[in-house]
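Trainee: Following this message is one structure expressed as structure tokens.
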């Protein structure tokens, strides 16, 4: 069977499966009782194709609009444009001078002409009653007016499906429909022949069982759908930085309103349609809207920013103009149908198992029906009544058909593939509580089989709470881990050097110093930036004063490829100065001068270079993150289009930043190692810093290899094949180094790889990995969108928890498969043998699904009695010493009762796949205890009180004991089987 499943159902991968593979397995699953239910949690391929066609159409329309707007630009320059726009009265009454539709047409159509009519971006700012510096006022009354006029930033979502929809879907089961017809005929014939109410017992019993199955199934599915809805809401939680009432703050994208001033950085998703206000080197990826892979430069000449696009480089301030369903992205989302997530490999394989068993069941059903009908014909031939048919004969054939249908019902384990989804949904909910948000359902099961974790250092293995603790300025090395030491250090630095240092810290930064709602100073930006800003404040610097003392002409933001950032300042005297900072060895290599102890610029000779380099290594060996700061005077003819120089700098100094290892990381790494998972650190930091942290975490061992990205890049395929198994640390790595490592681990070494990432450039590696893990706090929206799981607290220990839950999914599925298949196979064999061999239906309680009351779902479907086969019935009655007119009924009730208790104890045995003690912790699992209790309770009710409907008879205490004892015998047999050693490949 394994070869068959791998050949026919093994093409579906955990992610990025081909459409052909998804189509192929569906065609093989032709024996399905309820397609709506079986394929509910699989990708809807037809809707997906439809959505893709609509997306392509919209992209084409949008491309045309872009081209038209660009052409229009050539005609409007120099034209004397007169206003043709009239403000609607309700807009004017609310205090605004432009309506939502007008704003939408400006940005969506990139209509430069209309923008000019409204006096450009500044005019729109004024008409939206907002401020470039302070944003919109936060009075609730004014915010409500804004919402009324311009709407809210939410997209139309498909309504939550109600409980009765799931009831209707459960009724689509083909076998239930057939049995419903059987019930109707049984009722009709029974009432005609035996009268009411006796003649209705059989038909009503079938109807009751169908309704029970339907409502139990619908309840389970409805609760499951609500779980997925809650998880879907969590996935959409995105916050952005805005300025409101002069205060910088974080708000949900769904709270954005036209007039808001939004701060965008590299990796962010544009949250609404808007206009560029101020920024540098902004590149926008519009492929989600236009399909074009080339990024678009956004600046004051091309100020249009569209919702759903991504900031590929740079940073800027944006004015929100259009929100919600008026945006291009909102309209696109409204036209697209939900295609659903790809099914998981385990789902597909269990669908294959269900199909194989279904085919076997169908074969047995056909044979059973043929044998029973042949028996009836044989009997009538012996009696000579083959030409005389009565209503009783018709009812008997109907009963034969019902038995055949019941065998199919029992044989096809329709709940088997759904059990994977149920288990994954449960794991997703638990992981959410443990600070891990699962975006891709398959990641739950894939994480359980992971063999390698490639982890970032900063923020994942460390706390991401950074502080400058050491500095080397003007050749002087000092500890600066508190205000007193910083004051002493400050007094020893020449004033000229201190001015240059503060100018570098406060201008060459992606962070900001602002005041929060409480009036307190707050540092915004990445942990590295905030650590430097805090150092600058401790040195006595003033952020706002430094910013006002010069004008920023050009900014090159930091990224993980260049490992540096730069800024060009225009000073008041008209001179230009460049500041650069980044990876210490890279910036130091770009320097040919330095500041001496007197603050004078002197040549950087070999001796001074060696001293600074040794200082960098000393800081790194103390597990400090090192940054080099440098500056350079440039000619006055510099323009914003010119590139920032990369050589000829003057070294200001080196700072050492402390980022402590997270508590519990060392223990988590040890747990991974004991579980067979190799942890590798991939970081952009200095190799000595990386090695020191890796040793502290227990990642780098004596026989492990630590390598730098540039060295790794130069290795041949043969060398990589030798190095990678021992590779534990990669420092100064680029995103492509990480991608290459992941690709080799997956393809060459067949590892199942989990990769962490937080930056925009990490997206390829996250996409390539079997499981992409994005950081929830430090991660960009681009990284999160490419990831399968978002680690909400950025903690490595949470990644280990995800792996534990992944493994628990496999164990739970193993338990379920063991229980489900034993129930189905035994029920199939008993039903077939009782109908065909003994000639007596054994009143088995057969299960469709393992859920509350599952045993009772089909009891009433199998209550037809056939003429006894004397040998089998006589032997059973003799063994149990049964006699009298009800002996046959008592025997059948005993067999049915024993069968149910076999499954009760089988369920207990299935709690552990390998351990003998299956009772450990059983009382802590309240759901399990409740289901078992209800099962036993309802079994007692059926046996003792529902004999008329269930074709049972009350049993004596001794007979109850025999039934329970026979059921219990399965437990020691199961324990004995667990003791048999199983070979592993």
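One is the number of the first residue shown, and numbering goes on along the chain from there.
Keep in mind that glycine also has a Cβ here, set from the backbone N, Cα and C atoms.
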Trainee: Which of these ranges is annotated transmembrane segment in TrEMBL: 136-156, 199-219, 220-240, 241-261?
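Mentor: Per TrEMBL, the stretch marked transmembrane segment is 199-219.
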Trainee: According to TrEMBL, which of these ranges is transmembrane segment: 334-355, 356-377, 444-465, 466-487?
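Mentor: My reading of TrEMBL: the transmembrane segment range is 356-377.
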Trainee: According to TrEMBL, which listed range is transmembrane segment: 87-117, 273-303, 397-427, 490-520?
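Mentor: From TrEMBL, the annotated transmembrane segment range turns out to be 397-427.
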Trainee: Using DSSP, what's the helix, strand and coil tally for the domain 'Cation-transporting P-type ATPase N-terminal' (116-191)?
Mentor: 47 helix, 1 strand, 28 coil
Trainee: Grab the same-chain neighbours of the transmembrane segment (957-977) for me: Cβ-Cβ under 8 Å, and only residues 6 or more beyond its ends, written as numbers and ranges.
Mentor: 880, 890, 894, 897-898, 900-906, 908-909, 916, 918
